[in-house]
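Visitor: Once you've had a glance at the structure underneath, I'll fire off some questions.
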């Protein structure tokens, strides 16, 4: 009898998940208008968009012609490494010398063998298509935890950007690899796995240095969370990984490796600039212009750190103290604090970049919805935010860039910066200045 009861109970246990899903879908249909506006539906909308992106991405691969830009150069540089060349100054490609840190070589060595020494382009495109989908999943996990962006915006982040699909699967740049690792590190920070997050962050830097634009924000978060002494081990992880990855090349030619892979003064070609087309080429190439941009970048970072990120009422130097010894009781960092500071740090760096090339769009493309919607100003309506997104997309899709497209890009960046400065920040209620009751 007991066995019979168990047998009769089995169909109910199997059917129970199906019933829950049915109820959930019915409720979602009843609230279909809220589905596009409420952040609590992020995972549902994200799942649908990821499924759609599988078809769109592989359609792009099979219907749109592949364009060779840097892939052959990457493979030539990797081939030199595979053949035993560890002097960075001797690693060359069709488009010039190798200018990326050692992590790039190791990852693209794997791609070198997976694509028959770089000759199997369709296989490379399929690998990058999977990388694109993984990146989307990592980004959606971040948006789910912050719960600030209405899901309808994700359609524009996924299906409506030709340029981003092109960067991933039609150009095969290394920028997407670095950004995927960066988004993985942010997910680890959100999970309070700071050591592993720093490890992934450093790995992303070892693929391409643009990830360093997030570094000021990360440093601020580490000091806020751990104080100076507590942050040192995390910073040591970042530094140690760079040394370990670069060790074969540092032993061969340390100056050559450091000067090539971390060349902060590298000159960019005016013909590829997306953001400074309206300037004369002589000004674009002038060192005084570069120094002015650097000064503006550092000044704005300092202003945000002093007046937008640090709001405890104590001096910013209090961040150097152990959290338990500060006047204001330590509070756990919220997901929105972590994400807003990291995304803002990167965005400020992009606004004052000496030059932005077309593949650099992925440096901040997936962060734009958060920057526009998570910290909104009342004067910036949904329509205006979509207009800003559209103009940014149009600017990056204008080839060659024009004075108008570059000016439009800067105007959109200025609007986002202004609303970041004016909008309320995400700080725990217990550390916000209290209002006196009259």
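One-based numbering along the chain as shown.
Backbone N, Cα and C atoms are what each Cβ position is placed from, and that goes for glycine too.
From TrEMBL, for reference:
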TRANSMEM  41-61  transmembrane segment
TRANSMEM  98-115  transmembrane segment
TRANSMEM  127-146  transmembrane segment
TRANSMEM  180-205  transmembrane segment
TRANSMEM  211-228  transmembrane segment
TRANSMEM  288-307  transmembrane segment
TRANSMEM  361-381  transmembrane segment
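I'm curious about the neighbourhood of these features; can you describe it?
Guide: Long-range Cβ contacts of the transmembrane segment (41-61) within its own chain (Cβ-Cβ under 8 Å, at least 6 residues beyond either end) map to 28, 34-35, 122, 125-126, 129, 132-133, 136-137, 140, 143-144, 147, 149, 151-152, 154-155, 158-159, 165-166, 168-170.
Residues 74-75, 77-79, 81-82, 88, 91-92, 121, 123-124, 127, 174, 177, 203-209, 242, 245-246, 248-249, 257, 260-263, 266 of the same chain sit 6 or more residues outside the transmembrane segment (98-115) yet have a Cβ under 8 Å from a Cβ within it.
Outside the transmembrane segment (180-205), and at least 6 residues removed from its termini, the chain residues within Cβ reach (under 8 Å) are 101, 103, 131, 134-135, 138-139, 141-142, 145, 211-212, 214-215, 218, 221-222, 225-226, 233-235, 237-239, 241-242, 245, 335, 338-339, 342, 366.
Same-chain neighbours of the transmembrane segment (211-228): 178-179, 181-182, 189, 194, 198, 201, 204-205, 234-235, 301, 305, 309-310, 319-323, 325, 333, 337-338, 341-346, 348-350, 363, counting only residues six or more beyond its ends whose CB sits under 8 Å from a CB of the stretch.
Beyond the ends of the transmembrane segment (288-307), by six or more residues, the same chain brings 216, 220, 279, 316, 344-345, 348-349, 351-354, 417, 420-421 to within a C-beta distance below 8 angstroms of the stretch.
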Visitor: Using Cβ atoms and a strict cutoff of less than 8 Å, what residues sit near the transmembrane segment (127-146) while being 6 or more residues removed from its termini?
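Guide: Residues 39, 42-43, 46, 49-50, 53-54, 57-58, 61, 111, 114-115, 154, 157-158, 165, 168-169, 172, 176-177, 179-180, 183-184, 186-187, 190, 335-336, 339, 366, 369-370, 374 contact the transmembrane segment (127-146) from elsewhere in the chain.
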